[in-house]
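Going by TrEMBL, these are the annotated features:
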REPEAT    120-152  repeat 'WD'
REPEAT    161-202  repeat 'WD'
REPEAT    203-244  repeat 'WD'
REPEAT    248-289  repeat 'WD'
REPEAT    297-338  repeat 'WD'
REPEAT    338-379  repeat 'WD'
REPEAT    380-417  repeat 'WD'
TRANSMEM  33-56  transmembrane segment
Amino acid sequence: MTAHEDEEQGEVFFDESDIIDEIDVDEEGCMPFCLNCVFLVIFCYFTCIFFCVWVNSDLPDAEDDIVEDSDDSIHIFTGHTGELYAVACSPTDPVLVATGGGDDKGFLWKIGHADWASELQGHTDSVSSLAFSHDGQLLASGGFDGLVKVWDTSGNLKSTLEGPGGGIEWIRWHPKGHLILAGSEDCTVWMWNADNGSCLNVFSGHGASVTCGDFTPDGKTICTGSEDATLRIWNPRSGESIHVVRGHPYHTEGLTCLSISSDSTFAVTGSKDGSVHVVNITTGKVVSSWASQTSSTEGNPESIECVSFAPKFPWAVSGGMDRNLTIWDLQNSSPRFICNHEEGVTCLAWLGASKFLATGCCDGRICIWNCLSGECVETFKGHEHAIQSLSVASNLEFLVSVSMDGTARVFEIRNFR
Ligand SMILES: *[C@@H]1O[C@H](CO)[C@@H](O)[C@H](O)[C@H]1NC(C)=O
Ligand SMILES: *[C@@H]1O[C@H](CO)[C@@H](O)[C@H](O)[C@H]1NC(C)=O
Ligand SMILES: *[C@@H]1O[C@H](CO)[C@@H](O)[C@H](O)[C@H]1NC(C)=O
């Protein structure tokens, strides 16, 4: 309670006229019996209860403000009515953002234009993934309804791509053309031509949900990871599986995340088993392996949730439920820095090709790390629940986050270049 409220209470309880009898507490023995005192005590007791109930019922916002952290965001998008799972910033329009979530909706909206939003209607289950084509002309949305929908940048539906028999886990565009790749819970991966909606290939072979995947940046190969603890390397044209990476020394539990180096030579994967492995895509051989300390010493490993190669440095990074971001040196196969968080790390995003990286956490915080020094240089507060995804605007001025709290928030990152 504030000092001001205490004063008000004082006024309620101790008006001069209410003081009927003064009692010397040092006096020996019992209090002198006084009927008026009993009434005063009872009166005060009920007044106090009444006052407490009134304060608690009428002023919840004021109390929240006292407890809650500040909000560092410069824009909040509140169009969704459920948890948010996906966010994508346009690669060509620095203010255009797409978000999707548990309300079965996607939205296109603009940073700094609170009056404009375009609703992406038609999914009948959660919108789990979003991606813009590399030329910025098209947006694809994937849903747990098993559908992929293609939209123009005004939010007009161009086509609906069907085929998978289970929810869509992720979507990627070919680095050069209008081809869409999507992984499904039904163990399959689909590739379509987004311009005319034709299915180009179905990649089958995984034995469980396909949880992560991508084209190599040269567009010549596809890598996919699955709940079945394997990585598959595919020929996009023939649909053939070139390599299946499994067994020792690879993951022992389902894969959760994957990233491919900018020269298309290595894939880094993370898993529920708490380990990170780097695979040579040409040979399908594991070239580096790291297990977090907690997973190797304790019985219960903590899942790796996000991995990425650094755009400009010979590093890979991983984040997970052990609350650490680890920056790995690829040349020495050893950790450069282990960066602690207060809660689990769910997602990460490089701020362009700089040394800075953003992590999103289960407690709703976002940390900006200088990966050369291993220091947290900024913490962005505002979200009330776990961050699910992060995306960086094409002008590198804004970081957009989506959270289980039902909001998308925009933070300024122009100081981190
Ligand atoms: C879709 O477009 C591709 C390439 O432009 C073409 O080869 C294919 O025949 C088209 N499919 C349909 C169904 O129009
Ligand atoms: C991957 O393996 C192939 C075959 O052994 C080798 O020629 C190539 O150099 C390896 N790639 C890298 C980047 O080390
Ligand atoms: C990760 O951080 C925790 C503290 O949150 C620490 O106990 C643990 O050892 C760290 N993991 C590694 C691999 O250092």
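Yeah, the Cβs are placed from backbone N, Cα and C, and that goes for glycine too.
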> With the repeat 'WD' (297-338) as the reference, which stretch in 120-152, 161-202, 203-244, 248-289, 380-417 has the largest tally of C-beta pairs below 8 Å?
Replying inline: 248-289
> Which numbers of helix, strand and coil residues does DSSP report for the repeat 'WD' (248-289)?
Replying inline: 0 helix, 23 strand, 19 coil
>> Looking at the repeat 'WD' (248-289) alone, can you tell me the average pLDDT?
In response: 97
>> Same chain only, please: residues at least 6 beyond the ends of the repeat 'WD' (248-289) with a C-beta under 8 Å from a C-beta of the stretch. Say none if there are none.
In response: 208-209, 211-218, 220-221, 223-231, 233, 242, 295-296, 301-309, 311, 316, 318, 320, 322, 326, 328, 330, 333
> Under DSSP, the repeat 'WD' (297-338) has how many residues in helix, strand and coil?
Replying inline: 1 helix, 23 strand, 18 coil
> Under DSSP, the repeat 'WD' (120-152) has how many residues in helix, strand and coil?
Replying inline: 0 helix, 18 strand, 15 coil
